[in-house]
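Q: From TrEMBL, here are the annotated features:
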COMPBIAS  443-453  compositional bias 'Polar residues'
COMPBIAS  454-465  compositional bias 'Basic and acidic residues'
REGION    443-471  region 'Disordered'
TRANSMEM  12-34  transmembrane segment
TRANSMEM  54-74  transmembrane segment
TRANSMEM  86-108  transmembrane segment
TRANSMEM  185-202  transmembrane segment
TRANSMEM  223-244  transmembrane segment
TRANSMEM  256-283  transmembrane segment
TRANSMEM  290-310  transmembrane segment
TRANSMEM  330-354  transmembrane segment
TRANSMEM  366-383  transmembrane segment
TRANSMEM  389-411  transmembrane segment
Amino acid sequence: MILNNKFLRENSFLVSILIGVIVGVASGALFRHYDVSSETISVVAYPGEIFLRALKLIILPFIICCIIVGTATLNISHNKFIAVRVIIYFFLTSLLNVMLGITLGLVLNPGGVSVETKATSSLQAEKLTLLDGLLDVGRNLIPENLFEATFQQTYTSYKSENVTKVDGVHEILKKVTKTRSSTNTLGLIFFCILFGCILGTMDKQKKTMVNFFSSIYDVLQKMLLIIIQLTPICVASIISSKIALVPDLWKTLEQLGLFIVISISGFLLYQLVIAQAIYFLVVRKNPFKYYVGIMPAIMTGFATASKAASLPAMFKVMEDLRMNSKISQFVLPIGTINLNGSAQYMGFTMVFLSQLERISLSFNDIITLVFACTFASMSSAAVPSAAIVMVAMLCSVINIPTGNIGLLLAVDWLIDRFRTATNVLGDCYTVAVVQQLSQKELSEENQANTTTELEVKLEKSEKQNQESLSA
C-alpha cells in the first residue's frame, strides 16, 4: 500500500493523463452512441481548443529566451577545437534523425493518404525544384524584417502567363517570390542563435542581458508549466470531441496505432543500428559493448522520461567506462541541445499530422521541415512533453492545423520514454565519438599537465634544498 502511494505521488502527472485518456474515450463513445448535438460537442472541445491556443501563444517567446540564454552561456573558450566538434556532431546527428523521421513518415505513410499534388497546377508543381526549396530556406533563415518574421514567411511560386509569339499563344511560368501568413520559425531561431553567440563574447554586456532574458525565461517557464498541468483535462476534452466527430473511428485508431509502432521502431532503429554504425566507423571498437555499458543511463531515461533526471546516471556510466572526464564534463551538461530522439519525433510527427489533414508535402515543404525541425530540436524546453510543445510551433511552418495534436498527447506518455532514452544515448555516444576525434588535443593537454606537475615538483624540491642549506 505504501509503495502504491509512493508510485502515485511520483507519477501523478502520468496517472492523471491516463485518467484523462480513459475519460475522453468513454465520454466520446457515449456522445457518439447517443448522437449528441454538434453544439454540445463544441462546448466539450472548447477546453482543448483553448489549451492548444495557449501553447502556441507562449511557446515562441519561450523558445526565443531559451535559445539566447543557452547560446550566450555556452562556454566554448576553454578548448575551441573540442567544442566545435561537439556542436557539429550535435547538429549532424539531429539533422540525420529529422531526415530519418521524415523518411519513415513518407515511406510507411501511417496517415494512410495517397500521394497527391498540392492544390496547384501540375505544371507549377513540376517546375518547383530542389534548388527553389534550398533558396527559400536561405531567404527564411535571414528575413528582411524580424517583426514580419513572427507572422509571415517567404516561398517561391510560379505564376502562369500567356505569351503571344509568332507561332501562337504559349503558356509560360514565371518565378516569383511571395510571402504567406505563417510564423517564420527558421528565421527567428537563426537570429536568436546568432544574437546569443555574439552576446556570449561581450563580457561587460553579457551578464546584464543574460540576467534579463533568464528572468523572462523563468517567468515564461512557470506559465508554460501551469498550462502543461492542465493537460489531463484538455486531453479528455480533445479525445472526447474527436471520437464523437470523426467519420471513421476505427480508421483513426488504426492510424494512431501505426504512429506509435513506427515511432518506437524509428527510435530502436537509430539506437541499435545507426548509432552503432557511427560508433564503429569512428571509434573502431565493438559498439554493443559500449551500448551495454551505458544501459543504466538509458534505462533511467526510459523510467523517468526526463533527460535531466538521467544526468547523474550518465556521469556514473562515463566514469565506469573510463571515458575522459574533460569530454564528459563538457558534453553532458550542454546535451540539452542534443535531442536526437526529439528531432526524429518532430520530423515524423509533422509528416503524420500533414497526412491526417490530407495535406501533401511539396519539395519546398520537406526541405523547410528538415531545417526547421533540426533547429527546433536544438532549442530545448525544460518542460514535460517538450517535443509536443515544439510540434505545436512547427505546425505554423507549413500551415498544418493543430487540432490533431490532442490525439498525440494521449499516447505521448509512452512515446516520450523511448524518445528520452534515445536522447540519453545520443549524449553518451557523443562523448565516445568526440573523445576519439580529439585524441591529439587530449594528449597535448596531458603532456602539458605532466610538464607542469614536474616543474612544480622541481621548484618545490629546489626550495626545500635552499631552506636546508640556509639552516
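Placed from the backbone N, Cα and C atoms, the Cβ positions cover glycine too.
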Q: Is the transmembrane segment (290-310) in contact with the transmembrane segment (54-74), using at least 3 Cβ pairs under 8 Å (sequence separation of 6 or more) as the test?
A: no
Q: What else in the chain is close to the transmembrane segment (290-310), if you only count residues 6 or more beyond its ends and a Cβ gap under 8 Å?
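A: For the transmembrane segment (290-310), the nonlocal Cβ contacts are 14, 271, 275-276, 279, 283, 316-317, 320-321, 335-336, 339, 382, 384, 413, 416-418, 420-421, 423-425, 427-429, 432.
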Q: Could you give the residue numbers and ranges of same-chain residues that sit at least 6 residues beyond the transmembrane segment (86-108) on either side and whose C-beta is under 8 angstroms from one of its C-beta atoms?
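A: Hits for the transmembrane segment (86-108): 76, 258, 262, 265-266, 269-270, 274, 278, 330-331, 334, 337-341, 343-352, 355, 361, 366, 369-370, 373-374, 377-378, 426, 430, 433-434.
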Q: Tally Cβ pairs under 8 Å between the transmembrane segment (256-283) and each listed stretch (12-34, 185-202, 389-411), then give the stretch with the top tally.
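A: It is 389-411, which has the most Cβ pairs under 8 Å.
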Q: Counting Cβ pairs closer than 8 Å, which of 12-34, 185-202, 389-411 has the most of them with the transmembrane segment (223-244)?
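A: Result: 12-34.
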Q: What parts of the chain pack near the transmembrane segment (389-411), using Cβ distances under 8 Å and only residues at least 6 beyond its ends?
A: 17, 20-21, 24, 48, 51-52, 55-56, 59-60, 63, 153, 180, 182-183, 185-186, 224, 228, 231, 234-235, 237-239, 242, 252, 256, 259-260, 342, 346, 349-350, 353-354, 356-357, 359, 361, 365, 368-369, 372-373, 376-377, 379, 381, 383
